[in-house]
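Student: Annotation source TrEMBL lists Mg(2+) binding site at Glu49. As annotated by TrEMBL, Zn(2+) binding site applies to Asp54, His58, Asp95, His96, His166.
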Amino acid sequence: MDFFNESYMPYNLERDTSLTPSLEEMTETAIKIVSKGNGAENGYFLFIEGGLIDLGHHGNWAQKAFDETVEFSKAINKALEMTSEKDTLIVVTSDHSHTMSISGYPERYNDIFGVAGIGDFGLPYLTINYANGPGFLESGHNYTLDNTSDKDFRFPAVARLDYETHGGDDVGIFARGPWSHLYSGVLEQHIIPHIMKYASCVGEGLTACSGAFSNVATLSLPIILGALFSLFYL
């Protein structure tokens, strides 16, 4: 449950903008709140999630998932605007991938939600496809007859499932701010919070505030992590 709905927040494409704030607006308000008082003096940790990206993919609703990704990007940009890379570590990542794929050789400027080309038997195939999910249709379907620009259109899936599954692909980690250079190369997922701990000088063990690094550690720092993103103000 959230403050604005009995269950999940509505998709951005379906929300009443007079009643429900955007992820960007909530991010701005959250940073203003946590950076006051003790947060301004001692630092803070803020976690922001674009969770509707996940739900959109589970429904094979690529339109909704992509739009939520744009909204997530706006939230990240707002956090970048409101913080300084000198004292704020921002980490952007995801906890998993999905089975969506981008296929074919569509022409330049072709609508990503449209037809990518013509396959066997003269039938068209779309650029966006899923390995499984509720978008499954029997072979031989002619997608040129569908309104693929409709936000509720379920993009094609190879295997029929009520709910699309997660994928097994590696996901990216993007970071800015103090000690962000540690997020490089191929990392195990559990390393992400260990670097946050190190950069923010919390907990036991070696941190940026101990030993030879104590003279270059910042005093306080937010972190933002997401489809997840985290703000650590140090």
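Quick reminder: no glycine exception, Cβ is built from N, Cα and C everywhere.
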Student: Select the closest residue to the residue listed as 'Mg(2+) binding site' from the following binding-site residues, measuring between CA atoms: His58, Asp95, His96.
Tutor: Asp95
Student: Ranked by the number of other Cβ atoms within 10 Å of their own Cβ, which of the binding-site residues His58, His96, His166 ranks first?
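Tutor: Result for the most crowded candidate: His58.
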Student: Return the count of C-beta atoms lying within 10 angstroms of the C-beta of Asp54 (Zn(2+) binding site), excluding that atom itself.
Tutor: 18
Student: Indicate the candidate from Glu49, Asp95 with the smallest number of other Cβ atoms within 10 Å of its Cβ, considering only these binding-site residues.
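Tutor: If we count Cβ atoms within 10 Å for the binding-site residues Glu49, Asp95, the smallest count is at Asp95.
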